[in-house]
Amino acid sequence: MHKASSSKKSFDDTIELKKNEQLLKLINSSEFTLHNCVELLCKHSENIGIHYYLCQKLATFPHSELQFYIPQLVQVLVTMETESMALEDLLLRLRAENPHFALLTFWQLQALLTDLSTDPASYGFQVARRVLNNLQTNLFNTSSGSDKNVKIHENVAPALVLSSMIMSAIAFPQLSEVTKPLVESQGRRQKAFVFKLARSAMKDFTKNMTLKNTLLNKKTSRSKRVSSNRSSTPTSPIDLIDPIKTKEDASFRKSRHSEVKLDFDIVDDIGNQVFEERISSSIKLPKRKPKYLDNSYVHRTYDGKNINRDGSISNTAKALDGNKGDYISPKGRNDENNEIGNNEDETGGETEEDADALNSDHFTSSMPDLHNIQPRTSSASSASLEGTPKLNRTNSQPLSRQAFKNSKKANSSLSQEIDLSQLSTTSKIKMLKANYFRCETQFAIALETISQRLARVPTEARLSALRAELFLLNRDLPAEVDIPTLLPPNKKGKLHKLVTITANEAQVLNSAEKVPYLLLIEYLRDEFDFDPTSETNERLLKKISGNQGGLIFDLNYMNRKENNENRNESTLTSNNTRSSVYDSNSFNNGASRNEGLSSTSRSDSASTAHVRTEVNKEEDLGDMSMVKVRNRTDDEAYRNALVIQSAANVPILPDDSQDRSPELNFGSNLDEVLIENGINSKNIHSQTDALADQMRVSAVMLAQLDKSPQQLSESTKQIRAQIISSMKEVQDKFGYHDLEALHGMAGERKLENDLMTGGIDTSYLGEDWATKKERIRKTSEYGHFENWDLCSVIAKTGDDLRQEAFAYQMIQAMANIWVKEKVDVWVKRMKILITSANTGLVETITNAMSVHSIKKALTKKMIEDAELDDKGGIASLNDHFLRAFGNPNGFKYRRAQDNFASSLAAYSVICYLLQVKDRHNGNIMIDNEGHVSHIDFGFMLSNSPGSVGFEAAPFKLTYEYIELLGGVEGEAFKKFVELTKSSFKALRKYADQIVSMCEIMQKDNMQPCFDAGEQTSVQLRQRFQLDLSEKEVDDFVENFLIGKSLGSIYTRIYDQFQLITQGIYS
């Protein structure tokens, strides 16, 4: 019996060995792809050795290919439970090699944490939090700590392997070189402490930790007496006799007075407890302005120190008092806590800061809210206060101008002793990279903030408010910012640099609650790098070391003279002072802006003058009621009342009056002001900058008027109309020209891609992309640079773009297969940059417009030219092709027809395999070469509009398309059929790759397209019809896919439904 068992075991080992040999041979073969590697990571997650080897293989692929699979790598990291640390180490290693990889991974993890936060105890949340913590520490921290000196924890398996390696190295020295990285990687894995009491003692453990902190802070020796006298508390499992022991000793020593049974089932719980005590509080996220103002953040200021509610001195104040000679990174209030946390890890001992941290962390979440992280300057300004103790609401209001100046002085004094000549090259490079990551994340946050502000502005004033906000944002450009993924590939070691946003070309895309907007961004290709020896970077390092760039893209500060002084020489200096929109002298006859509130004010009442005084004192007008407020402070409520009171005093004009009250007439005399001050670029920029500030204030007034009391309802409408009229007048002063007036844009419904570039070069659709680009270059102050370029992107907030990004990834994978198999089809490779769970940037399609807009514009023109009946007639795509490409027998038309056929075949197969729904003409684009492309993949795979399978056809193939292709007997249609067959058969060869991409992403994924769970990939595989022969596949495509789609009644009904409900032309 024993021999049979031993023989069976030997046989199994032999089979396992052969499998491993075959796997090794596959991995090392030339045909092994990156996708194969990601797929094997999922299958062999339980084997640490194989998992480690696969991760080492991953590192050999180019960074461009690795960036493509970042969503899958992150998904594997958080969903595949494994003891291996190899993938986590690989991601941290790649972030040091490629800044784009670091940013994309950071944003992807940040978005995933939003989903995982519903279950903080899950494996995925713990891993994502740990990796995000490490990423933030390395990306935003400028300290010279070494990543190599990482503590190896008490892990038995790596320790045994290490011991064996040392012994075997005597006979085989090369073994240590191979095994050492694996041992170090696994040794860093956080392990739980096994010497812990039973599960029922967890609550007592927390109470005892709090008691221990209190006793240590008071430095008393009453620990035994207090512990024994607390009859309401069970016997303490913590021995506090020797206070110099470490936290781990004090927390996990067995009590000498009672015998406690050990329960090893709670190992993971204790590991989580230790993790939260020592690590979670040090998570550092980029500074983000608070969404809500909460009274829970009120603390006392006394002698320059922030006093928490429990009476302990905050760590921020201690850092300011005790580390004045050290450099402190200007990233946020949590930085000081992180430094304390790092010191604790290095020394292993306890300090008063440790006690405070433990006491406070018990009441805080493990993952801080991005919107509640305060700028470090808030603490600095508090620390600079002197005099008697007083309460200071340090987090309820943004900084005033004086507080901002004081904070910059404090920050400057903290870092002025840094000598750049004493820093190593590595430290300088790290400072440059940290500055780049800070600028990137702050820029993304600023775009999100603008969208949130626009959502609170009336629809009519959104475009004016958008241009004002973008003009203010431009004050911090040029900056070390590029747009990963969306901009063209960089040269090795170089990055693109954003220089300005063309504010007068920006567009609000629709009037929905979520306000996406179009940006045209000017940038210089391959403009900057991280070489600390270059002249430009030397100046930048001086700026960073002097802490001059602490605030960037911060829309809360309206007076930015200090920041403008530090801008690059190529940017224009902004105006020093700002006046309020309530100051009627600001733009009258070019009067001096320094007069402010003079004795000759045109106010009709003392209350109005009082409002002006308050407004001039409060510089941060941009935030006034632009966000929803929880637990409003008294000051905010008071200011709101003053605004309403001021609005009530604005005289109501008769209907036949053309004049505005002086308070609202801030834009009429702009030309006079510019002429009086002298027509030069600096003055024009300065005056327009001031105008942007005042437009923001007008937007604030509109938001306030919408909340006005009932007794003011009659006057509010008139005042509101006056403000909007003034804003539109200023909007014209920015150089904006309405596309409706210029190009006869089709209809009121501006779909997102209709304003991307201006559209195809025809008389009824507008200028093409090349013309627009050249026009902007001629008027740009950076257009003379040889590496100048222009890009258009859509900024979205409030929508989860990860599903659409996954769709574009799948389409690009299919396009790569078609290129490899030499199938002559065309696909637009769209890109999306995810910056959080509900924000992102979307690439636009240049020289393309939706079929809806083309039809509507052409219909209007044909009716005007009497070529179409105005009673129900609608222009067709063939009419558009005839006007755009000429004679049907000409080369230009035939080429456009061929382009239409090749692109239609590709998207037909894509729509069938991915089950793309909502295929109305607003989501189908035609470019200036005749190519068709689909956008908006909000409904695909498992979900459909209204959860109803309304679109039953495999893809959209209308009679209009057939007419454009020359009919069912036309050569173009026959080519379409053949290309559809070829493209479908080519994808069938790589069905496993496409299905596995779906399988990896569907696990524990909350995106709507994965509502069917595991059945999502099963159904996708079924659509490939892998059981059919080649001949049967041809029949399936021609008779089922094309035959069922051609002129489908379901397609016609859905188009008619969209026409009736949304006004989208069918």
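Using the three backbone atoms N, Cα and C, a Cβ is placed for every residue, glycine included.
Under the heading compositional bias 'Acidic residues', Swiss-Prot lists 342-356.
Annotation comment: Swiss-Prot describes 598-609 as compositional bias 'Low complexity'.
Residues annotated as phosphoserine in Swiss-Prot: S10 (among others).
Here Swiss-Prot flags S236 (among others) as phosphoserine.
The annotation phosphoserine is assigned in Swiss-Prot to S384 (among others).
Annotated phosphothreonine per Swiss-Prot: T394, in sequence order, evidence recorded as a large-scale study or a structure entry.
Positions annotated as phosphoserine by Swiss-Prot: S396 (among others).
Taken from Swiss-Prot, the feature phosphoserine covers S592 (among others), and the record attributes it to a large-scale study or a structure entry.
Taken from Swiss-Prot, the feature region 'Disordered' covers 218-240 (among others).
The feature region 'Disordered' is assigned by Swiss-Prot to 303-411 (among others).
Annotation comment: Swiss-Prot describes 564-624 (among others) as region 'Disordered'.
Averaged across the region 'G-loop' (776-782), the predicted model reaches a pLDDT of 92. Taken from Swiss-Prot, the feature region 'G-loop' covers 776-782, and the record attributes it to sequence analysis.
Marked as region 'Activation loop' by Swiss-Prot on the basis of sequence analysis: 934-958. Within the chain, the region 'Activation loop' (934-958) has long-range Cβ neighbours (under 8 A, six or more residues past its boundaries) at 752-753, 803-804, 807-808, 830, 845, 904, 907-912, 914-919, 923-925, 998, 1008-1012, 1015-1016, 1019-1020, 1040-1042, 1044-1048, 1050-1055, 1057.
Assigned with DSSP, the residues of the region 'Activation loop' (934-958) fall into helix, strand and coil as follows: 3 helix, 2 strand, 20 coil.
Helix, strand and coil counts from DSSP across the region 'G-loop' (776-782) read 4 helix, 0 strand, 3 coil.
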